[in-house]
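Per Swiss-Prot, these features apply:
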TRANSMEM  5-25  transmembrane segment
TRANSMEM  76-96  transmembrane segment
TRANSMEM  118-138  transmembrane segment
TRANSMEM  162-182  transmembrane segment
TRANSMEM  190-210  transmembrane segment
TRANSMEM  243-263  transmembrane segment
TRANSMEM  284-304  transmembrane segment
TRANSMEM  319-339  transmembrane segment
Amino acid sequence: MESAFIIEKSVVIVVVFAVTMIMAMYSTWAERKVAAFLQDRVGPNRAGWGGLLQPLADGMKLFSKEEFFPNTPNRFLFVVGPAIAMSTALMTSAVIPWGDRLHLFGKDIILQATDVNIALLYIFGVLSVGVYGIMIGGWASNNKFSLMGAVRAASQMVSYEIAMGLSMIALLMMTGTMSLKVISEQQAGMNWNVFYQPLSFLIFLICSFAETNRTPFDLAECENELIGGYHTEYSSMKMGFYLFAEYASMFISSTIISVLFFGGYNYPGMQWMVDNVGVNTANLLGIAVLFVKICFFIFFYMWVRWTIPRFRYDQLMNLGWRILIPLSIINIMITGAVILRHDIAAALGF
């Protein structure tokens, strides 16, 4: 029994990591296609049909490039930096429910690597470790411009993590759990949390742009300037890891938003599908529905990048500390008042 459980979870973990890598890889292709569409161009169309093999070509190019080490006494940290940035994005996917279950080989297979009752706390803990990957890489590069970019990125991520965490408190007050599986099950049908916590969703969405260093919060790396930010001194696959980590984080952020606020794998009529069509068909459709929601938010990230200009650094900090954090606190107070009123009414029999 234990060996079967270990095999089952190992397969689920491998599949989840593989899907995360593939989605992040093809997000680079989608980014270039969306940019081409908005700029009235064709985009990548040489490697494979419609440029579908372009991510593989980019990976081979990065892999074959020369390894460059700057004049730094911290070679080990120089290598560890991009590894931390990449691994944190992958580790977050372990607690996400990708579907309900599949009935295979006479047993139910849960479509989640692990269901822990502190999943949200785990996600915030892992995401906060990603700051170290950026800071270590910028500091170990022995380049003042890389260090400045790393300090900017770290201060931005830490600042917006506060507002993001506060926005989640209001949601947790309503759901009463940190388990992403339970939160998904509570949103069966169209009972989505975004209808009950629209302000939490808006704050979380804005903070997710800052957490992933996406435009208009990409002050750490200015692509149209000579200095590329904290990864200026990186080349080959180490550079690729930093770039790949951004797209992996974008995919994970889109998944978390879909699960927390838009029902995850749930869709209207899912229980009817289970009763009349079968568990496997209904839950496979649920997986497809989840990925449709994820792709929508990935497209939204890309659309914003090519339509909204970058903030100044003071505007970035003012938005985080003077607007989003106070709004999050007000949202907590409103949510608490509504819950208290509901409890009092229930106690009095109204």
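Count begins at 1; order follows the chain as displayed.
Glycine is treated like the rest: Cβ placed from N, Cα and C.
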Contact call for the transmembrane segment (76-96) and the transmembrane segment (243-263): at least 3 Cβ pairs under 8 Å, seq gap 6+: yes
Whether the transmembrane segment (5-25) meets the transmembrane segment (190-210): three or more C-beta pairs under 8 angstroms: no
Surrounding residues of the transmembrane segment (243-263) on its own chain - C-beta under 8 Å, 6+ positions past either end: 20-21, 23-25, 27-28, 31, 82, 85-86, 88-90, 92-93, 96-97, 123, 130, 133, 168, 171, 180, 183-184, 187-194, 197, 200-201, 204-205, 208, 211-214, 231, 290, 293-298, 301
Best-contacting stretch, by C-beta pairs under 8 Å, relative to the transmembrane segment (162-182) and drawn from 118-138, 190-210, 284-304: 190-210
Close approaches to the transmembrane segment (118-138) from elsewhere in its chain (Cβ under 8 angstroms; 6 or more beyond its ends): 77-78, 80-86, 88-89, 91-92, 95, 146-151, 153-154, 157-158, 161, 164-165, 168, 172, 178-181, 211, 220, 230-231, 234, 242, 245, 249, 256
Residues from the same chain, set at least six apart from the ends of the transmembrane segment (284-304), whose C-beta lies under 8 A from its own: 23, 27, 30-31, 34-35, 38, 98-100, 102, 111, 209, 212, 214-216, 250-251, 253-255, 257-259, 262, 264-267, 270, 273
